[in-house]
Amino acid sequence: MSETVKDKVIIDEKVSTKGTVDYAEGAEYSERLSNHSSDFSQWYTDEQILHFMKKLGYENRTLYDIPEDVAYILKKMPELTLEDSFKILKDSIIYFKDDENIPHDQYEEWKRLVDLEDLDSKEGIDEYDSFDIRAFASAIKFHSPYQEVRAVVDPEDDPTIPVETFRAYFLAIIWSVIGSGFNEFFSHRVVSISLNTPIIQMFLYICGKAWAKTIPCWTITIRGRKYGINIDKPWTQKEQMFSTLLYAICQGAFYTHYNILTQKLFYHSAFSFGYQFLLSLSVQFIGFGFAGILRKFVVYPARALWPTVMPTIAINKALLGKEKHESGMSRYKFFFLTFFIMFIYNWFPTYIINILNTFNWMTWIKPSNINLANITGGVTGLGINPISSFDWNVISFNSPLVYPFWSYLTQYLGCILAALIVIAVYYSNYMSCQYLPIFTNSLYTNTGHSFKVTEVLDSDNKLDVKKYQSYSPPYYSAGNLVSYGAFICAYPLMITWSFIVHSKLLFNAFKDWALNLWAMRKLKSWVTMFKSDYRALDDYDDPHSNAMKNYKEVPDWWYFAILIGSLVVGIAVVEHYPTNTPVWGLFVCLGFNFVFLIPTTILQATTGYSFGLNLLIEMVMGYALPGNPIAIMILKAFGYNIDGQADNYVSNLKIAHYCKIPPMALFRGQCVIVFIQIFVNLGVLNWQISNIKDFCTPHQNAKFTCPDAVTYYNASVVWGAIGPKRIFNYIYPIFKWCWLIGACIGIFFGVWKRWGKFYPRYFDPMLFVGGMLNMSPPYNLMYYTSGMIVSYISQYYMKRHHLNLWEKYNYVLSAGFSTGLVLSAIIIFFAVQYKDTAFNWWGNTVPYAGADGVGYPLKNITDTANGYFGYAPGHYP
């Protein structure tokens, strides 16, 4: 064995496999080591390497199969002194405190190693401890402390790799036009299908490789500048990711199509294309402005993990990454293997054997038993079933291969509590809900029929009190009641929890914004804002931020200009067109997003979970603008899409940060794509309205019944025409108490976490209530139970006991299955479902037979004395 480790020696000693001792100075040693990175036995003892791999979780790796990330960490380790390493670990203990995504045993090991600095003499530090101190510090300094990041992200960058090329733009624009049009067209169908980002990544890879090989390297001169339609280089990883991110920005919700559909088809308001374009332009771009503010909180910091972006990076690495020879199948082969497996398998649950989709086997025992169907049914019941589905479309509903296990488990526990509350609400017959099915998302009348909102509106699409009094108030199923209650709880919970737990971060953020706005009084501040040498990353020292310092950052004023420009366009729309929408309503939406954006985006960046502000905007504006459904819809579009588009854009910024895509190139490209997307989506939408017979009607032959638009319309009537005052004060008074319940939960857990002696490390009340919110009709426990099993296997068992396999294949598996599923669904739709060629046999009909398939209420409305429940006609609130 080697001698005692000496202080201030970069790598104090090297024990070869023969036992001879060698010493080296840092730079020379690092160069020699980089030339032999595949044979670390020349520079470290076998025991040291195996010991460190075990510390990182690689239980089954050998010296002949060292993971790429470990090899890189060991390669960079000579650049750190022992003092440097101690400082890095001490800073990391503070920075990553309470970070659930850092393995607990790893964090405790950091603390143990840092405590060794207090020894009287550094010579008393054990050889292995000294090695671990440098190795862990090297992982943090030169790579990442997160296993998820090390699995798919390359720590180094080559700035000479082409990114913003003509071919990358051309392919991105073509596929964005195809994808946006396709997704818009089929988004209004009952069973919608879409071209998601993974499938487009595969198409981009095929097209990019073909372009590089077949298109001549000609140049085009524009205003004296030459542009090559092809370059004499292979299709690169950065071009692939750049094109992917341009497509990804148009995968966010094109929210204004709900406004246009409801106003044209349900409110019969003939607004011009100019109105549609300007409204869409304002709504789609206003979120970009907020994204610039969010960068320093959820893009640049290393703690902003963004687990949901890992599959996108994994596909890129699998398709174009250079893999070193390792045991087992390559990522490239594994991706296409999983793609073909899922492409074939998806035919069975989707078309051939539907019981694989909805495996409600317990209801088959007695199909007519309503109670059994209510509790265990997967169609209209709560889905309490340990083996509920074998369909990857259902299993992957909540991304079990992507969300951290602690995040998925917390959400699942929230789902279980929500199911128990639904049972309590239903079987206690709260507000006579037993006269309705237990778990549906429809609105009902007091006679148990579907609530038709047109029955209570006048010719101006406002509430007609006489019609309302002769018809019925709207009633919710028990499942919808609990879902709405959880949604209401989430808002005050988010505020109280965040301002207690993240008080310093939020205080500094709001202080920074206030000071910047106040500084705008001076000319010097405006000059500084327009400087070209914007250095936003100077305060960050992780490897990815350091690599990104090679590229110019997008100045704040670019985002500020888009925010102001979009707001001006929005004001012009609501003022010029007959929308009945006050300008101050836009500023209220901006204010709510200003308060909620940082907490909600931090939640998404660290846990993968997100929720929107749509219900909050509906309720607040319903109080402020009673009887004005058009205004509610417009303000809801702004209030929701600011958050939605900002989150979408900053997640793309984080991918660019990980993959070293120049920020200014991404900004330019995504602005161009969003502008094009507006024309494509509006063109497709207006064509559908004009050319598809019975479009958005319940009996449309091709099932283009617009379920989302109908829900949007119903919500505009309930919260806009009827109003939250009637709902909260009379029909469902429990809702108003949910605000207080949410605030109390946030205060209780916030105080406990910040000042309590012990707090469960992996418990986040926002995720728990978010899980309750997930349990929203028609998505019952069936959509989460099978995923819970997969999450345990992947994110817990495999990650803990087979980390080498998990790192190499987990996100590739997620991407391969997702890609195969989407392409298979498209083929199935056009081959058999579009022609309505049903495959009728027992395996396809039994899930929908009996009480679970129909959704019977527990009580029959005809058994009541008056033939209705609740308030008497003429006395409705």
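For all residues, glycine too, the Cβ spot is worked out from N, Cα and C.
Note that this is a predicted model, so its numbers are computed, not measured.
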For this session: Please verify against Swiss-Prot: do Asn357 and Ile861 share a side of the membrane?
Result: yes
Seminar exercise, completed: N-linked glycosylation site per Swiss-Prot, picking from Asn374, Asn714, Asn774, lands on Asn374
Problem set entry | Selected residue, Swiss-Prot feature N-linked glycosylation site, from candidates Asn35, Asn860 | Asn860
Exercise. Transmembrane segment per Swiss-Prot sits at which of 63-83, 168-188, 294-314?
Worked result: 168-188
Seminar exercise, completed: According to DSSP, Asn860 (N-linked glycosylation site) sits in coil
Problem set entry | glycosylation sites compared (Asn374, Asn860) - highest count of Cβ atoms within 10 Å | Asn374
Exercise. Residues of the same chain, at least six outside the topological domain 'Cytoplasmic' (211-240), with any C-beta under 8 angstroms of its C-beta?
Worked result: 161-163, 165-168, 170-171, 201, 204-205, 316-317, 319-321, 659-661
Problem set entry | Whole-number Å value for how far Asn374 (N-linked glycosylation site) lies from Asn860 (N-linked glycosylation site) (Cα to Cα) | 15
Exercise. By a Cβ-Cβ criterion of under 8 Å, what residues six or more beyond either terminus of the topological domain 'Cytoplasmic' (693-730) are in contact with it?
Worked result: 187-191, 257-258, 261-262, 265-266, 441, 443, 451, 453, 456-457, 461-463, 468, 473-474, 618-619, 621-623, 625-633, 636, 736, 834, 871, 877
Seminar exercise, completed: Mean per-residue pLDDT in the topological domain 'Extracellular' (575-582) works out to 89
For this session: Give residue numbers and ranges for long-range contacts of the transmembrane segment (405-425): same chain, 6 or more residues beyond its ends, CB-CB under 8 A.
Result: 100, 307, 375, 382-384, 398, 433, 438-439, 478-479, 481-483, 486, 607-609, 762-764, 767-775, 780-781, 784-785, 787-788, 791-792, 795-796, 799
Problem set entry | Contact set, same chain, for the topological domain 'Extracellular' (752-766): CB under 8 Å, 6 or more residues outside the stretch | 98, 100, 104, 406-407, 409-410, 490, 493-494, 497, 500-501, 603, 607, 609, 745-746
For this session: Given the cut-off of 8 Å on Cβ pairs that are 6 or more apart in sequence, determine whether the transmembrane segment (615-635) and the transmembrane segment (481-501) share at least 3 such pairs.
Result: yes
Exercise. Cβ under 8 Å to the topological domain 'Extracellular' (833-877), counting only same-chain residues 6 or more beyond its ends: which ones?
Worked result: 191, 351-355, 357-360, 363-364, 367-374, 376-381, 426, 429, 431-432, 434-440, 446-448, 468-470, 472-473, 475, 702, 726, 729-731
